[in-house]
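Colleague: I have a structure I would like to understand better, so I am pasting it below and will then ask my questions one at a time.
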Amino acid sequence: MTGRVLMAAAMLFLLAFLASPESFASLFKPFTRNNAPAIYTQTGLMSLTLSHLGLVLLAVIASTLIAVTLAILVTRPSGREFLPLARTVTSVGQTFPPVAVLALAVPVMGFGAGPTLVALFLYGLLPVFENALAGLTGQSPQVQEAARGMGLTPRQRLWQVELPLALPVILTGVRLTAVISLGTATIGSTVAAKTLGELIIAGLLSSNTAFVLQGGMVVGILAVLIYEGFQRLEQLAAARIGQG
Amino acid sequence: MAFRISRTGLLFALIGLAGLALPFVQFKPNRIVPGEGLRLFDALSLPLGWMIGLVLGAVLIAGCLERWPARLRLTVALLSVIAVTLALGAAATQLTPPDNTLARVSPSSGFWLLLLAFALMLADAQSRITLGLPIRLAMLIGAMVLIAVILGSGVLDGVSVMREYAARSDLFAREAAGHLVLAFGSLGLALLIGLPLGVAIYESPAMRRPVLGILNILQTIPSLALFGIMIPIFGWIAANIPGAAQAGVAGIGLFPALVALFLYSLLPVVSNTLTGLIGVNPATREAAAGLGMTRPQILVQVLIPLALPVLLAAIRIVLVQNIGLAVIAGLIGGGGFGTFVFQGLNQTAMDLVLLGALPTIALALVAGIALDLLVEATGGAPKGGQA
């Protein structure tokens, strides 16, 4: 209960801050020096936040769709051949630093939102894929057997048995991806994507701690809210299959 | 005799043949302007380019057939990776006019796709044979020696990334050392503080929620912001607390980056310490107590050795994560390979970006694989597939 109240309070604070950052200026004034502005006005905070979230949302949706599709394909009898390879690629791929992926996407995509989106998408594939694979392969053979015995076709088994059973684990993967993407997107500002990182970098360049704090705070609160939201979804999905 | 088509092989062939069709290298009159793409067949002098290209193509097509023993495929894929790398070096040497220090030959999409195709083939073959730990360790060391020999032999010296390296080899050694200090130093600090903290919250369960909660929130602060916040905090401490500056505390350079990485490392270390300790069978603990061991003795001689695989798994997570995150230190003047990455991005000199990104990736891969082997050797489950 206290958790819910805290989350609601954090969300209200965030919305109030984004709607009218100027009214919080006195809060951030102590962190500035030489009468520097306490609130970033170059680009609206709201528009930076929305573009940040949009980028993350787009990348997460794309990587979830592709990763779950791939996981379904390699767990079908016709795709089993790819399973060992898929596991190796996933574990190796996750050791690639996200910043390096971002930097390497620049020569291909040029500067702007493009490379950030590609890096977030590629990096986001792995946690979802790994979890979807675990969810789809870790099901008890008895359940499969029962589904077959009921006369369900392979397609029905996938949609009515396997996917619902794997859903909580898949959602955990999506949560990991979303939180990682939210943080990595800030670095996207170094390649000229419009994200909250712009605020942090502006703060670093002008030694204005207030900007750095604001950027970190907004992304941090967003991450906590998304994390909690997904956990709630996971609980719901687990309750639906009788594991709540 | 009917041959079955291997569908994995078909995928690698498609990627590899696309690599042969696309530009293998970019030839640029200087390091910043966009260049002219040359395919493998055109990038090397007449008989050589076609020979290598046709051999690689033949390997890719032959790889589609089912009838290959995995060990043979492993060897062929490894040889092909080496061949592609050497072809890049040869192309760079042949294309660069003598006495021209401005022209750059950089690897292009064709090279990367060929490398990807054969690396996938290698990974696929490797995942189909079960090899013992010592052999996999030997393979890891062998791969590192091979890379060192190729880099040391000078065959790649004409390639743009190596030209960038040659222009700043002293700086590279310094940034490499800085990167290692950041990644391993923060890990050491995290173990120093995180292990006792993990033990403490194991002993007093009431503290678990608040401690893990705080560490969780710390983890959600974007790395860029955490690095940025450290600068004024330590700047203030160094300026206002007597003795702090003498002790090495500073608001610029390595120190704030080190502390930021340390803070990120705490959660995996503390939570895995707790998980590892909780996972020890209560009967084992009681048996130890029954033997008359004191609490500290039980902890050091029984609990920690049994929790070791989980602790090593935490070290793996932290090390791989910190090697990657240390790149961001380059943005706040903290040194490390990130210096090259962000310098390169600023100058739009992509070869310089590669000079920072490639060693970072290599370092993360080696650390991840080595620790996976170690976790397995101590009896834990490896994080991912086989290394």
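Each Cβ is built from the backbone N, Cα and C atoms, and glycine gets one as well.
Okay, so TrEMBL annotates it like this:
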DOMAIN    A:49-230  domain 'ABC transmembrane type-1'
TRANSMEM  A:49-74  transmembrane segment
TRANSMEM  A:95-123  transmembrane segment
TRANSMEM  A:165-187  transmembrane segment
TRANSMEM  A:199-227  transmembrane segment
Colleague: What same-chain residues lie close to the transmembrane segment (A:95-123): Cβ under 8 Å, and 6 or more beyond its ends?
Modeller: 55-56, 58-60, 62-63, 66, 177, 180-181, 184-185, 187-188, 190-195
Colleague: Are there residues at least 6 beyond the ends of the transmembrane segment (A:49-74) whose Cβ is under 8 Å from a Cβ of it, and what are they?
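Modeller: Sequence-remote neighbours of the transmembrane segment (A:49-74) are 18, 80, 82-83, 86, 113, 116-117, 120-126, 128-129, 132-133, 136, 158, 170, 173-174, 177-178, 181-182, 185-186, 188, 193-197, 218-219, 222.
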Colleague: Under an 8 Å Cβ to Cβ limit, what residues of the same chain, 6 or more beyond the ends of the transmembrane segment (A:199-227), are close to it?
Modeller: 7, 10-11, 13-14, 17-18, 21, 28-29, 31-33, 36-40, 42, 45, 48-49, 52-53, 175, 178-179, 182-183, 186, 189-190
Colleague: Would you kindly list the residues that approach the transmembrane segment (A:165-187) from elsewhere in its chain, counting only those six or more residues past its ends and only Cβ-Cβ distances under 8 Å?
Modeller: 52, 55-56, 59-60, 63-64, 67-68, 98-99, 102, 116, 119-120, 123-124, 127-132, 134-136, 138-139, 143, 193, 195-197, 200, 215, 219, 222-223, 226-227, 230-231, 233-234, 237-238, 240-241, 243
